[in-house]
């Protein structure tokens, strides 16, 4: 399958999914929960393990001896200590938790990096990205699949330039990550809003009115009766989305909708871990303090066995 066929297939699959009349499309970017487990340290530290390591990585520690868990934890602590001053602060711990929770983003970037860093110089230029992504597709001036690849390329170039902080049209891995996942970076949020508005604003007046808002997430498809959730969304638009009551959403109102200021679970967990482990109460952690409290941060065969005993006793 060549690139054009892939893009066409992807677009058609997306269009098909969105054409289901009762299926809601969600454009809101929420911060995910750190774990699907209950946060109850009196019972176990499973929530903390998932939060600190990510759910999949946390499972791997359950097979280790306590000594092995402590050793691996010590190596992780060295990575968390960004400024290498021998202490882990709340901010450093929060940054690590966010990294662990979004490990899939970094894995995605690594996969795509290999296909776009064509000269293997550790950077991805706009020309490299354009050639790898659109290359021969643009050689066909009249593609028969109906997609405007030149328009898609112009949009990508605009986003690439926004991600490229120094304006040299060459992306570092961090800038490339911002390009691929703009919702994860504060300085990219304006482009997320702009692209969203362009997708929904069918009459191109620079605003999103009620019918455009509903039309983006729901297709009547010949059905006269709207599902209940659509009626609720109409009420949400009037009561909460359109803050100035002018019948449409502007840029700031759209930003409040798709990029809400969620409760910062990572910061709360970082403060919790520091509070529980900070033996001398100086507001930061040494490697020794963290390893001493290792069962709060990571699991092991001992903690896994202990929880199994608790479950057996409850049964």
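Backbone N, Cα and C atoms are what each Cβ position is placed from, and that goes for glycine too.
Note that this is a predicted model, so its numbers are computed, not measured.
The feature signal peptide is assigned by TrEMBL to 1-19.
Across all of the domain 'EF-hand' (68-103), the predicted model scores a mean pLDDT of 95. Residues or ranges marked as domain 'EF-hand' by TrEMBL: 68-103 (among others).
What TrEMBL lists as domain 'EF-hand' is 151-186 (among others). Same-chain neighbours of the domain 'EF-hand' (151-186): 7, 29, 102, 105-106, 108-109, 112-113, 116, 122-127, 129-130, 133-134, 138, 192, 195, 259, counting only residues six or more beyond its ends whose CB sits under 8 Å from a CB of the stretch.
Within its own chain, the domain 'EF-hand' (188-223) has Cβ neighbours under 8 Å at 18-21, 24-27, 29, 155, 158-159, 162-163, 178, 182, 230, 233-234, 237-238, 241-242, 247-251, 254-255, 258-259, counting only residues six or more beyond its boundaries. The domain 'EF-hand' feature in TrEMBL is assigned to 188-223 (among others).
The annotation domain 'EF-hand' is assigned in TrEMBL to 265-300 (among others). Remote same-chain residues near the domain 'EF-hand' (265-300) are listed as 31, 33-34, 41, 45-46, 48-49, 51-53, 58, 61-62, 64-66, 68-70, 72-74, 77-78, 81, 86-91, 93-94, 97-98, 101 (criterion: CB distance under 8 Å, separation of at least six residues from the stretch ends).
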Beyond the flanks of the domain 'EF-hand' (68-103) by 6 or more, those residues with Cβ under 8 Å of it: 32, 34, 51-54, 57, 61, 184, 264, 266-267, 269-271, 273-274, 283-287, 290-291, 294, 297-300
